[in-house]
Amino acid sequence: MEPKALLWLRYVSIFVFLAAVFQTAVAVTHYTIPEEMDEGSVVANLVSDLGLDLNSLSKRKIRLDVVANKKYLDVNKDTGELYILEKIDREYLCTSKSATTCVLKVDATLENPIRMFNIELEIMDINDNAPRFRRDTMHLDISEATAIGERFSLTNAVDPDTGSNSVKTYYLSENDHFSIEIQTGRDGSKFADLILKKSLDREKQALHDLILTAVDGGVPARSGTASIIVRVLDTNDNAPQFGKESYTINLTENAPIGSLVLKLNATDKDEGANSDLFYSFSLYTSEKTQQTFSLNPDNGEIRVKEIINYEDFRIYDMEIIATDKGSNSLSGKCKVKILVTDINDNNPEISIKSFSSPVKEDIPVNTVIAVVSVSDKDSGENGQVDVHISDDLPFALKESSDNYYELLVSEPLDREKVPEYDITITVTDRGNPPLSDNETITLELLDINDNVPQFPQTFYTIPVMENNAPGALLSSLTAIDPDLHENQYLVYFIIEKEIVNTSMSMLFSINPENGNLYALKTFDYEIEKEFLFHIEARDSGVPPLSSNVTVHIIIMDQNDNTPLIVSPWRAHGSVVEEKIPRSTDKGTLIAKVIAIDSDSVHNSRITYQFLHNTDATLFSLDQYNGEIRTMRMFSYRDSRHQQLVVIAKDNGEPALSATVTVKLSTVEIALKTYADMTEVPLGYDIFSDLNLYLVIGLGSVSFLLLITLLVTIVLKCQKTKPSKAAPPCRNSVISSERNSTIADSTLVSNDAYWYSLFLAETRKGKLVVRQPVPKGARYIVSSLPRSTGLTETSDSAASTLQVRSHFIVYIFIILCKSIMTYEAPNRR
């Protein structure tokens, strides 16, 4: 049951209940009004219709019930008129179209006393609603193959009005293919069917846009429209078609592979798969054509697949088929003719008929080393060729016969400058544009022994520090020979040369393979200072070639000799005791310390210093000449015993030194000089026994020395001269450049068993004979004339002359000692 019916049932129940309680009679008043009346419109006068007193109406509080939460009507209490409070929509109030009438029931209630009235308000329909389709647009897919007369259902229109105000008929917009047929339902509703009255053709018109109009029967009539879109579905009813039935294309030969020849474009009026095309060669297209050209099945592009040669094939015929992809596929055909255009497409060719490689680098000029032939398949100027090689190469081309050329040596070759040649022979035709070809041959040159080994330097100066380890590497003397193989393999030799009966191979050794020079012995700068010899490098060619280089070995001095104090002489230990008179004047020479060093000039420069001085105000020491002098006269406060420690230090790095202790004792006796205390004086009487013995001894020694010199000279004259290249070995020579008590030149020898002689220049010019040097000492000092300077001698320090001279000096010293022993008692 509908909600409004339930509402009216409720009202009826209430009315019955009230009637039973109040036993009041209820009357029903019926009114008829059209819907959509304006607000405030008067429906009727209840006072007159219900027989009420207008004056008591407001006192009795008349009221109307609310229907469906809306209060459509109200009563004017002043006039008693029933009027429209809110517009009444019949379609909203009575939703059921099956009901023929629409009644609005309202209960009016009065108080004092209570009375109820039933008011029925019949709502009359007016044509206030237009027909409306449920869908504004209707889509229909109809195949173009659909038969005429086919019926298609359409959505009907609805109109909330009733009766003649509802949908009455439909109209279709004018078109050639469709019409409508109106049908009536059981409920009286109207709907239309779409009928195909003419065949569809999608290729002519793929879409049909129709307008369907629904019209009601109201006055005035209202209408509503809907759009009908008919999409015509395609059928494969059109075959693909080419723009032309045949195509003729001119294509130059040697067109690049992949270049486009022709793009075919077939069309199909269908759509979808029915218009998707693929291209293929027909069976009438030759296999050669299909090998030469490719056909893209998707876009119809014909491209070059292989090199096209006019001389091989000049015309290509092909038939192309375009087929669609419909269920019942259709196809179209066209013919393509490709005409090949001739161009100068044949390169000249070159061929090496004969080639000699490798060849010796001294190959004679004009010798033929290769024969080449050239050709060109083209004719006319395109077949005429020119042959050439680079002008920078020592070769030339000479035509020997038709299209044959000889490659000759035009200049002398030298493998050391260019070991091989890449000879490019180029042949060019006379076409336009010209074409060319080239061939490169590599000529390798064989080496001959035509280069002498070369040292980077012509003279090598090699410094060698003395005291070197035997076998130490001095230098690497490597020569270079640009030849190859055995002509390049070098062997190194020391050119033999004797120096004082000593072969260079005993002093030095060279590795024959790499030229490393080694020392075979330890060198001593004080004995050997330099060597000069030659090194030869010889290759292994046939015949062998060689060259030599001069090597100058310079022995560098090392501070390896400690200074030796030779004065004052210490016979027993390193302490020297001297006596001096207490009355010695200021500046008197007390002692002179003399030290010698067998190193070179730089390392042998000696300076003197006090390590200990009992009284620093009493004595001074000259740092250069070693003289100890008094700085003042002795006083009674000075100790009788003074001790001086003197250090002699050389200038080497690190410095070496020696010390001597001088103990001085002062005496009260009158002594002549310091020299009288330390020397053995000889009387001035030339006729004394001592003088006589000395004269005899000196004469004997001089005679023996003269004999020895003569014998030595004779022996030396009989020996072979030493090589000029060998440098003389020099013994170390100490040259006194300062004021010294020894001679200007003193020769130092290594023989520790000889005695030393000093020719001292003292204050009184006395001859001083010192005690012998202790056994094991290194130095022997013998006097030399002041003008001697540097003394040169051979490497053999113990030569016959030196031994005999020392022997004579030894006899002389023994003789002098015997005389002094003999005279000693007499002096006492």
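Here the Cβ of each residue, glycine as well, is placed from N, Cα and C on the backbone.
Predicted, not measured: the structure shown is a model, and the values here were computed from it.
Record features, source TrEMBL:
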DOMAIN    25-133  domain 'Cadherin'
DOMAIN    134-242  domain 'Cadherin'
DOMAIN    243-350  domain 'Cadherin'
DOMAIN    351-455  domain 'Cadherin'
DOMAIN    456-565  domain 'Cadherin'
DOMAIN    580-683  domain 'Cadherin'
TRANSMEM  692-715  transmembrane segment
**Message:** DSSP on the domain 'Cadherin' (351-455): how many residues come out helix, how many strand, how many coil?
**Reply:** 4 helix, 54 strand, 47 coil
**Request:** Count up the helix, strand and coil residues in the domain 'Cadherin' (243-350) according to DSSP, in that order.
**Result:** 9 helix, 47 strand, 52 coil
**Request:** Within the domain 'Cadherin' (134-242) only, compute the mean pLDDT.
**Result:** 87
**Message:** DSSP on the domain 'Cadherin' (580-683): how many residues come out helix, how many strand, how many coil?
**Reply:** 9 helix, 43 strand, 52 coil
**Item:** Summary of DSSP states over the domain 'Cadherin' (134-242), given as helix, strand and coil counts
**Value:** 3 helix, 54 strand, 52 coil
